[in-house]
Every structure is written in structure tokens, then in C-alpha cells.
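As written in Swiss-Prot, here are the features:
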REGION    1-32  region 'Disordered'
BINDING   Gly99, Glu122, Ile123, Asn209, Thr210, Cys229, Thr332, Glu333, Glu334  S-adenosyl-L-methionine binding site
REGION    177-196  region 'Disordered'
COMPBIAS  183-196  compositional bias 'Polar residues'
ACT_SITE  Asp232  active site
Amino acid sequence: MTPPPPKRQKRDEYRKATAEAASQPGPSDVAEIKLPKKKYYRQRAHANPFSDHHLNYPLSPAHMDWSSHYPAFVDPDPSHTNLAGARKLLKDVEVVDIGCGFGGLLIGLAPLLPESLIVGMEIRVSVLEYVTTRIQALRAQQLKLRAATAAATAASETPSQQQAQIDGKQANANAAADAASPVLSTDTEHTPTTLVPGSYENISAIRSNTMKFFPNFFARHQLSKIFICFPDPHFKARKHKARIISETLNAEYAYALRPGGLLYTITDVEEYHHWILRHFGVESGAEEESEEKSTSANANANANAGVRELFERVSEEELEKDECVRVMKEATEEGKKVARNKGNKYVAVFRRKTDPEWPA
């Protein structure tokens, strides 16, 4: 049997060693806990959402086991289990990043929303493995920092040490405030030196095909925020059916999003931005593409009319005050690449309206 190429062997060995180091209570020095490197997690840019991937998904949201993803939020009462027999959490997942990629948005939102459970959904295997390993390493680093901080606090006895402790606490508080700001460094080679709110215990990632199984994970009105950042534009007309924004999927997002919840979108493709606006009923007068039939256009118009009753676009004034928008622009890997290339970023955020009343 022919062995795999040397590069593949090197990648597999690195990924295995990195995953083991991140998941085990290893070195005492924070600097020794390394974050994974992207070059060892090669993955194609696309995955066909219509293929029958080997995926694990719950029968319903009540069957989903979140305990392994958020161990710090597991209900201490072992008798509190869901329909699948898994331990329940103290709170529900309420923020979702659809197509989380390499996890830049998750890392940026973690200290900004320390009391909210955030999950990223990704269909590509290697990318998900990278994100999972990255989160485990960040949690391990925070654990070591907490232990080092506690030891330093206990060791301070003399007045000079107490004064140094006070100064150190003030410095840590300022650093933590900086860490909680939305402009975060997501360089995988960076080793944090301060504690961040939440210690990255509130983020995780799962492998899932959102186009098929989104309602299997989230109950009605469970979510407060949905992020769709730099989705695959699928430029060819015959590929438009694979876009993550459509009438059908928008209805599923509205089902899981609670009234007042926000759906964030950002793209660097202007045509796709207008597609998003049309499918949320904002650009109702836009002409459909020439190759589409009139019957399909009429059906889309009717669907958009229904979406218009469920979503309203958030004004630019509100977006300027929303810290999540800043993170979405600056913390994601695609956002950084667009900034390096001096490209444009098109943002549209939609608020979930209250469900319309049934006619009498």
C-alpha cells in the first residue's frame, strides 16, 4: 500500500499533536500552549450543500447535546436531562455564526458577549477541526492565566507587594477592557497575556449543513442574533440555489429568531448585497435576471411579501452604535482580507418583527 505524501503526513501529525496538547492539562507556562496554524488545515474553499455528507444532527432541538461544547455551563443537577438523555445547560445557545470559517467572528464576539452562548456552524471538516482546536487552546491559555493570577495574588504579603498587586489589578482591568473591545487581534500566533471576559468558554463550533438541518438545532424564538458573514456568492445563475440567503431559508431564520432579534449580513460582492436586500423585501422593485421565468419571479415576489412582514432593516444610525457590526467587519478573516485588498464591505442588518396576528 502506497503511503500518503510527506506533506499530508506532516499535516496529520501536527494536527493530532496540536489537538492533544490543547485538550490535555499540559504545560504550566501559557506561552507553551500554542494556537493552531492554518497551513496545516488545508481545505477546499467550497463544499456542496446538496451532497449527502456524513453528518450527525439531532432529531429536534430538544435532542441536541450541548454539554460537550459548553462544559462550563452544564446544569449541576444530573437529573436535568433532555430527550436524548444528555445533560442540560444553564442557558440556551442564542447566537449563531452560519458558515463560521476559521472562527474569527467567534473569537471576536466571545469577550463582547460573555454571558451569551455562541455557536459556529461549518460544513467543511478541516476548517471545523481548526476552529475546535483553536477554541480549546484559548480556553487552556485562559485557565493557566487564571491559575497564575490566583497564585500571584496569594503570594503578595508585604506592603510593596500589595501595592504592586493593586497596580497589577488595575493593569489587568484595563487590559481586560481592551480585550473586551470589538477590535481584537485574531492572529493565531499571538499568545494572550490577560484574562478576557468569559474565558472563551461561551463559544463552540459544530459541523452542520445549515441549508438542510438548521431547524433541527434551534427551537422557535431561541436565537437573539444570527450572523452570515461573507457567504459564498455562487456567481453562476445555476448556482444561485446554493446561496445561503433565499426565501425558504429566510423563513427558517425567522422561525428560530426571537422578536427583536437581529440577523447580520456582510459581503464584499455588491451584486450579492442587492440579492440579500431583494430577498428580505427591501428592494421590491428590482428586476429579476433575464433568464428567470415570469412565474418564478411572481413566486419570489409573493415570498418576499411574506418576508417583509417578518423582518425590517436596521437603520445606519443604529448600526454605527452596534459593537457587533464592528467585530463583523474587523475580526473575521475574510473581513481582514478585504481590508488588505482595499475592497468594499456591504452590511445589511435586519430586525425580526413581532409575529403578525392571525386574521379573525
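Note that Cβ sites are derived from N, Cα and C of the backbone, with glycine treated the same way.
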Message: Using a 10 Å cut-off on Cβ-Cβ distances across all protein chains shown, tell me which of the binding-site residues (Thr210, Thr332) has the largest neighbour count.
response: Thr332
Task: Taking the Cβ of Gly99 (S-adenosyl-L-methionine binding site) as the reference point, list residues of the same chain whose Cβ is under 8 angstroms away and which are at least six residues distant in sequence.
output: Met121, Glu122, Ile123, Thr210, Ile228, Cys229, Pro231, Asp232, Ile244
Chain-internal residues, separated by at least six, CB under 8 A from Glu334 (S-adenosyl-L-methionine binding site): Gly101, Cys229, Phe230, Asp268
Statement: Counting Cβ atoms within 10 Å of each Cβ, the densest environment among the recorded positions Ile123, Asp232 belongs to Ile123
